[in-house]
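Participant: Please read through the structure below; I'll follow up with questions.
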């Protein structure tokens with residue numbers, strides 16, 4: 001509905017990067033300059049539903065539904081007797097949400113439309129420029145951006161709140177780096193990093209920074225690719241080299257992360273306080289439902305769509321998967 005030509009998007013991204021002095025490699029301990037350069041070159045493709053990111057366009061509704069349903073499930077568990085039960089469709093309203101590695105804004109826009117006060121960040125200035133331009137064409141957004149000039153900011157009350165920043169999780173944790181004209185929370189009710197961790201350097205540090213940005217009792221959603229022969233065959237051999245649906249070099253197999261590795265990280269996090277582990281270390285063959293959940297994301301080529309595998313099914317998580325984990329409610333002692 002709010003479409004912009006690819007040529008215009010490319011021209012806008014180049015102008016913004018030149019005017020703001022943005023570059024492909026935003027400062028940060030997890031940023032890989034080659035990865036950022038790769039996605040910056042593809043930035044104009046983000047809103048082409050039949051192009052480079054077509055699989056993400058089809059996956060996005062499934063990811064959003066998982067986020068809504070998981071938040072609603074936890075809210076129902078915690079509702080007082082006789083209290084109002086939160087429905088999945090309204091569970092994001094009024095929450096502060098951070099979308100890490102937002103790309104062109106596919107997920108950020110969806111979350112903002114559902115009522116979340118959404119902040120999208122990306123290490124690629126070109127991606128942020130494209131996301132900002134696309135959102136600025138939609139009058140339903142109250143938009144703030146580190147790329148759009150102040151005269152282009154939409155500030156009418158009552159609109160969906162959406163902010164874009166060309167930054168990293170490291171820089172966001174550094175209070176001196178925040179844009180002085182933008183009101184950004186120090187921590188968020190929900191942090192998402194979907195299809196991001198397989199593109200960063202030092203994934204352990206990246207996860208640490210994401211965890212620090214979650215409020216006590218808040219939620220972290222991650223999705224990535226398992227390091228399995230099936231994932232290599234589907235995402236690199238087929239998608240990049242046979243079908244050509246994805247540009248060569250988009251994926252690096254050695255950066256894929258198996259579900260067990262992600263679970264082990266949260267069983268040991270934080271190292272300083274065993275009583276505040278995000279996932280109980282004694283959980284072996286199952287994940288406690290109130291602490292974490294893992295579901296495979298499976299593509300059905302006959303239907304041209306994605307669906308979720310059963311809860312905590314490792315067999316269904318041999319390629320793409322999505323993962324939810326909750327931060328303990330009590331903050332760790334300083």
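Quick reminder: no glycine exception, Cβ is built from N, Cα and C everywhere.
Dumping what TrEMBL says about this protein:
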- 63, 101, 122, 194: S-adenosyl-L-methionine binding site (BINDING)
- 195, 198, 199: Mg(2+) binding site (BINDING)
Participant: Among 63, 101, 122, 194, the annotated S-adenosyl-L-methionine contacts, find the widest CA pair distance and round it to a whole Å.
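Facilitator: Site span for S-adenosyl-L-methionine, by Cα atoms: 19 Å.
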Participant: Restricting to the chain of residue 63 (S-adenosyl-L-methionine binding site) and a gap of 6 or more, list residues whose Cβ falls under 8 Å of its Cβ, or answer none.
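Facilitator: Expected: 107, 194, 223, 297, 322.
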Participant: Enter the number of other CB atoms within 10 angstroms of the CB of residue 199 (Mg(2+) binding site).
Facilitator: 23
Participant: Using C-alpha atoms only, work out the spacing between residue 199 (Mg(2+) binding site) and residue 122 (S-adenosyl-L-methionine binding site) and round it to an integer in Å.
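Facilitator: Pair distance, Cα basis, whole Å: 12 Å.
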Participant: What count of other C-beta atoms do you get within 10 angstroms of the C-beta of residue 198 (Mg(2+) binding site), across all chains shown?
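Facilitator: Result for residue 198 (Mg(2+) binding site): 22 other Cβ atoms within 10 Å.
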Participant: What is the separation, in Å, between the Cα atoms of residue 198 (Mg(2+) binding site) and residue 122 (S-adenosyl-L-methionine binding site)?
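Facilitator: About 14 Å separates the two Cα atoms.
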Participant: Using a 10 Å radius around its CB, how many other CB atoms surround residue 195 (Mg(2+) binding site)?
Facilitator: 21
Participant: Around residue 122 (S-adenosyl-L-methionine binding site), which residues of its chain at least 6 apart sit with Cβ under 8 Å of its Cβ?
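Facilitator: Correct list: 101, 102, 103, 128, 131, 164, 166.
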